[in-house]
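According to TrEMBL:
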REGION    A:321-344  region 'Disordered'
TRANSMEM  A:12-28  transmembrane segment
TRANSMEM  A:58-79  transmembrane segment
TRANSMEM  A:86-105  transmembrane segment
TRANSMEM  A:158-179  transmembrane segment
TRANSMEM  A:207-229  transmembrane segment
TRANSMEM  A:235-257  transmembrane segment
TRANSMEM  A:264-283  transmembrane segment
TRANSMEM  A:295-311  transmembrane segment
Ligand SMILES: Nc1ncnc2c1ncn2[C@@H]1O[C@H](COP(=O)(O)OP(=O)(O)OP(=O)(O)O)[C@@H](O)[C@H]1O
Ligand SMILES: [Mg+2]
């Protein structure tokens, strides 16, 4: 129960990263691998600034800006440097590895490459909120209620889940709004049909750069929040982040559908939380180790990609069989299968 | 309105695949001109359209629109003045977006895109009245994804999107070629209505000679990268298909390659 509560809190933070991944992979149709690097950039920037004594809010804002810049550079590599999307992202990810070590190195004198910055006795966004939240005494009220209902182990606070929920919901609504503005429509069209949007006087290069910047700004925000949540920033914390983001998007879309933008962004957020819960359950399995999680994540993504195809095929087969059966029952000879008329 | 001066374009220059696609093209359009373009496959018609839209840059020569030299202006900047409909019905619209969102994109063609809602109440009303002109009942399907529309419906929508901001130049490259005859007729009729309503300066490529004769006030014939025949406003009304065939023979000293495409 407690482990599950923690994974919900984390899932809600990772949802911000998943929204960033959704923006590139789905909206822009750009498989951006910068994410593994920009997530750490966000964490490193926030941790470094907090350690240096900056207000956690300002540190988090700086992390967002750093992520935005990183994404824009990936966009520049692709649009101006004519480098293939995957390679642009990989190059940026590798470059960020060194940059992230440097950023964390700024916490120590002469520390060029520091791979871990702890945030033990420092303020974070969460402790700041806790100071205010704790004084309200709501935690005790809820916990007592739960205990009366027979729940044994209760979380120490509900403040954290509330903050992350508020932040994530605000970002979801901003994303919904943005994707319906004139610029947002142009970004979506860039992912959908570049030739078309160019013929309507949109500079696709600029839109791709902007889209990548915004996406990585969200990823870096998630990194900054995770660093403050888990009270450290580490050079390894971004490994496989892109696959986790993708897993969240795919799981969410498969369960909740993609009918409208509002629905899809909700699906992505929910997908991220569900992914974290699956992760928590998998860790409970005795023969599995934390190190196996990347394998499990890859497995989840493969499953989420393959299973819908199989289901579709099965449905198609059933439909065909049903039609043939109806036809045979009516004694009508089956007509020659015709190619789908694209104009019909 | 539109001026092409000595436009030359060679593809794969200096290789065995060298191809002279445009050979000294000169063309002038007055405001309100509607020019139909015919010519065999590979004559350079699409290449000429791409020179005007900026999708391709000429090796030599200049393009002037509204007395602005746009020769070096990238495609997306020229698109402020140019509306286009492509041959492929899939090319002119964004399939994953709704009808009203597609229209909103077209609506912002000659303005700076900002953080305003692309579709608001006022615009939706405008889109609805605009769609009514198509008589396809699309005005009642504003929130349907364009990917669900038939090729003919998509082409009609593309046509509306290309024209409703009243571009200085409208480019139509075989925009009815991928449709079955009845839908092609519908799009042809719509083209005529929409162009006439705003008196748009238009260039239309077609392989259907009858269509080329029925529409527009001028006609040009292209062959091997050159404009070999220009029919002026006063000559065009009496023109027939046999006239065009004899003209071609006369100019080229060979029978017109009467392939399927040319006779449509
Ligand atoms: N990008 C390109 N690279 C190389 N050659 C090209 C390219 N585009 C066109 N060509 C060649 O230039 C010539 C003119 O092509 P264009 O597409 O303009 O012909 P068209 O008149 O539109 O023909 P169609 O009626 O078949 O559409 C053709 O020989 C074509 O093969
Ligand atoms: Mg062509």
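Positions of Cβ are set from backbone N, Cα and C atoms, glycine also.
Given the structure is predicted, the values throughout are model-derived calculations rather than measurements.
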Most Cβ pairs under 8 Å with the transmembrane segment (A:158-179), selected from A:12-28, A:86-105, A:207-229, A:235-257, A:264-283:
A:12-28
Which bits of the chain, at least 6 residues beyond where the transmembrane segment (A:295-311) starts or stops, bring a Cβ under 8 A of a Cβ in it?
240, 243-244, 246-247, 250-251, 254, 275, 278-279, 282, 288
Segment proximity, the transmembrane segment (A:86-105) to the transmembrane segment (A:264-283), 3 or more C-beta pairs under 8 Å:
no
Do at least three C-beta pairs under 8 angstroms join the transmembrane segment (A:58-79) to the transmembrane segment (A:235-257), pairs 6 or more apart in sequence?
no
If we skip the immediate neighbours and take only residues 6+ beyond the ends of the transmembrane segment (A:235-257), which ones have a Cβ under 8 Å from one of its Cβ atoms?
14-15, 17-18, 20-22, 25-26, 32-33, 35-40, 43-44, 97, 100-101, 104, 115-116, 219, 223, 226-227, 263-264, 266-272, 274-275, 294, 297-298, 300-301, 304-305, 307-308
Which sequence-distant residues neighbour the transmembrane segment (A:86-105)? Criterion: at least 6 residues beyond either end, Cβ under 8 Å.
31-38, 40-41, 44-45, 47-48, 66, 70, 73-75, 77-78, 111-117, 233, 235
